[in-house]
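K.L.:
Okay, so TrEMBL annotates it like this:
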- 1-107: domain 'Laminin G' (DOMAIN)
- 112-327: domain 'Laminin G' (DOMAIN)
- 339-513: domain 'Laminin G' (DOMAIN)
- 518-697: domain 'Laminin G' (DOMAIN)
- CYS670-CYS697: disulfide bond (DISULFID)
Amino acid sequence: MMTTGRYNAGNWTRVEASRYFDRKKKLEKGVLKVGDEIRDGAPTHPAGRDTIPDMSETRYFIGGLPPGVPPLQRNLHPFLGCMSELQIAQEGYNPLKGQFWGVQPSCSNNPLTVAGFYGNGYLELPSQTLKKKANFGFVFSTRRHDALLMLSTFEGLGSYLEDKEEVTNLVEQEERKLSYYSVSLRRGQVDVRLNGGRGEVRLASVGPDLADAAAHSVSVSKLGRRLELRVDDHLEATALLPAEGGAPVRAPGPQGGLYFGGLPPHFNTTGRTFSAVPFVGTIKDAIFNDMILGFNDAVAFKEVTIGRYGPDGHEGGENGSGDGEGCRKVASYNLEPGAVKLGDTPGSHVRINLRKRSLLHKNFTLQLQFRTFHPNGLLFITVGGKGKQPHYLMVGLRNGRVHVALKAKRKADISAHVVVNDGIWHKMVLEKQGRHLVLRVDSTDPEKVKTAKRTNVGSLLYVGGLPTSGVNLPEALLNRLEGFKGCIRGLVLNNKEEDLVGDKAVAVGVGQCFPHIEPGSYFPGDAYAIYKNKFNIGSFLELELELRTSELNGVLLSVSEPDGYPALSLELEGGSVLLSGDMGDRRPFQVRQPFPTKAAACDNKWHRVQAAFFDDRLTLRVDGGTGHSYWLADNGHLTQATTNSPLYIGGIPEGSTSGTLQSRENFKGCLRNVIINGERRDWTDMAALQNILLSSCPLVSN
């Protein structure tokens with residue numbers, strides 16, 4: 001039995017659980033009462049009266065389990081909060097009468113100053129205006145290099161702005177709308193942005209990588225126009241607000257507007273933050289103007305563990321012993337219902353036959369949601385007519401912004417200002433009313449353009465791309481169109497949902513979507529890419545990539561001639577990175593670089609691997625360490641190799657030569673930032689791809 005309501009809002013709630021035996025039906029029943037909710041139920045397989053255990057002499061554990069008692073369920077955390085009026089079997093019970101661990105005799109009013117974030121939620125607090133003399137700061141720990149830590153904004157509080165009676169000056173009202181300040185992680189460094197309504201100022205740290213799971217403090221101080229950024233008590237940057245910018249950087253106040261760790265769906269952050277990627281880790285000890293903020297005073301929150309540490313943060317505690325033993329196994333990933341993944345294969349698209357040909361001729365409303373990391377791609381297009389100049393309606397991404405092109409008697413183009421290739425879901429609404437075409441993206445102001453009153457587009461709607469042939473469009477336009485690489489869901493036309501995965505839709509080369517992703521491409525264990533069909537090792541080679549996996553073994557790179565030599569390979573082998581080669585003299589060699597612990601290789605966190613072959617020396621590094629080297633000439637090897645075979649990434653196909661690989665086990669996990677001889681090549685520019693989920697590395701939460 002489970003309630004439908006949520007009761008973790010910090011309010012007192014009465015809970016009553018009882019059971020009884022229905023003698024007439026000979027059925028054991030249970031009743032759960034929480035607040036005003038009542039739920040009842042019975043076991044799937046009815047229990048006889050004789051099989052019901054006697055609970056009169058049972059030991060009861062309240063709020064958690066003592067040390068040494070194994071939990072009944074995995075990830076069952078101890079209760080954090082207050083209890084009173086406890087009754088068991090209709091008798092009052094004092095929880096401090098017997099044995100207890102970590103229980104306080106009274107309900108403390110002290111603020112909860114720590115919160116755990118798992119990449120799928122946010123915490124909203126009352127916001128704080130930064131006056132002439134102000135400061136704020138907090139402590140965070142994470143392994144994410146790019147993420148949103150904090151944002152203060154008026155976005156989403158439009159009604160609040162309209163209701164403020166004292167804001168009568170239009171200039172002042174506009175300044176309020178433009179006021180914001182944010183803190184993000186950018187490639188492991190702190191990125192701070194502030195705007196008092198008269199221009200943005202940015203400050204950034206330049207010290208060591210902060211995405212190391214250690215606790216780091218961030219503080220920003222404001223004295224008039226002067227701003228200072230400190231990280232771990234070290235002055236990192238200073239800046240001045242624009243002239244006349246010593247005025248306050250305003251915030252909404254008690255209504256909310258101060259977000260930690262993430263944002264609500266469809267929230268527009270254009271220009272306000274470096275990153276909108278949800279945070280994974282711990283944020284604690286937030287201070288504004290020398291006053292501690294209590295996270296339990298939240299205006300709203302979702303998927304945040306208030307009062308507890310998040311992943312990659314505090315070791316031990318409720319998350320386990322923290323001994324790091326074993327791989328962080330992922331049994332399976334959840335999937336996003338109703339969403340389709342496009343762009344993993346050439347010609348990927350969904351074709352929908354509209355109910356009526358005239359649906360898009362005059363007035364209509366069409367909306368959909370999309371998610372991508374790529375700046376360009378076709379969201380949908382419909383084409384009409386058989387002439388040389390057919391009418392068409394096309395919506396896609398151009399340089400990260402939604403762009404609409406309508407070709408009718410007169411051509412109309414609209415572009416939204418918001419950049420949307422950030423890997424989170426965005427909502428687009430396109431509406432035609434009379435001679436006006438209106439585009440809305442998320443909650444930004446609409447863009448409008450005049451157009452023809454009537455169009456002659458067709459009844460076939462292509463979503464995410466086009467088939468390889470059979471579409472009547474000018475050749476120049478077809479050559480420019482790029483298929484969408486990402487996920488699309490929620491297609492609605494004139495208030496009627498169009499199913500992208502149902503019987504009426506014809507899907508070609510599409511897959512399923514993970515709920516939350518980060519940059520990187522996912523290899524499910526049967527995938528590989530061919531970097532180049534004819535690759536030569538030569539006498540110089542540089543390899544670099546980032547990997548994330550929960551496995552100890554897997555092919556990373558491999559090239560081999562048909563006879564098995566010359567060959568060179570890079571792989572995970574028993575929790576170490578192994579660089580193996582045979583320069584053609586049939587004398588294989590290896591360079592092995594272990595991780596700090598065996599389990600670190602499979603902790604499902606990002607690791608950077610660098611391998612170089614230069615001047616007869618092979619070097620292998622992991623996570624920027626000192627690395628291991630091997631001199632070919634000193635060990636009697638040839639110092640160069642000539643190959644003319646495919647260079648495989650992430651695995652090798654059936655029937656191919658394994659060369660110097662210790663195992664043919666394909667890599668399972670995520671890869672990104674693959675650089676070979678100084679060239680960072682996009683996956684779509686590879687010679688071939690097999691079963692790779694491009695730009696779709698699934699996020700994992702504890």
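Cβ coordinates are placed from backbone N, Cα and C, and glycine is handled just like the others.
A quick note: this is a predicted structure, and the numbers were derived from the prediction, not measured.
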K.L.:
Mean pLDDT, the domain 'Laminin G' (339-513)?
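P.N.:
Taking every residue in the domain 'Laminin G' (339-513) and averaging pLDDT yields 88.
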K.L.:
Is it possible to get the count of other C-beta atoms within 10 angstroms of the C-beta of CYS670 (disulfide bond)?
P.N.:
23
K.L.:
Using a 10 Å cut-off, grab the number of neighbouring Cβ atoms around the Cβ of CYS697 (disulfide bond), all chains included.
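P.N.:
So the Cβ neighbour count for CYS697 (disulfide bond) comes to 24.
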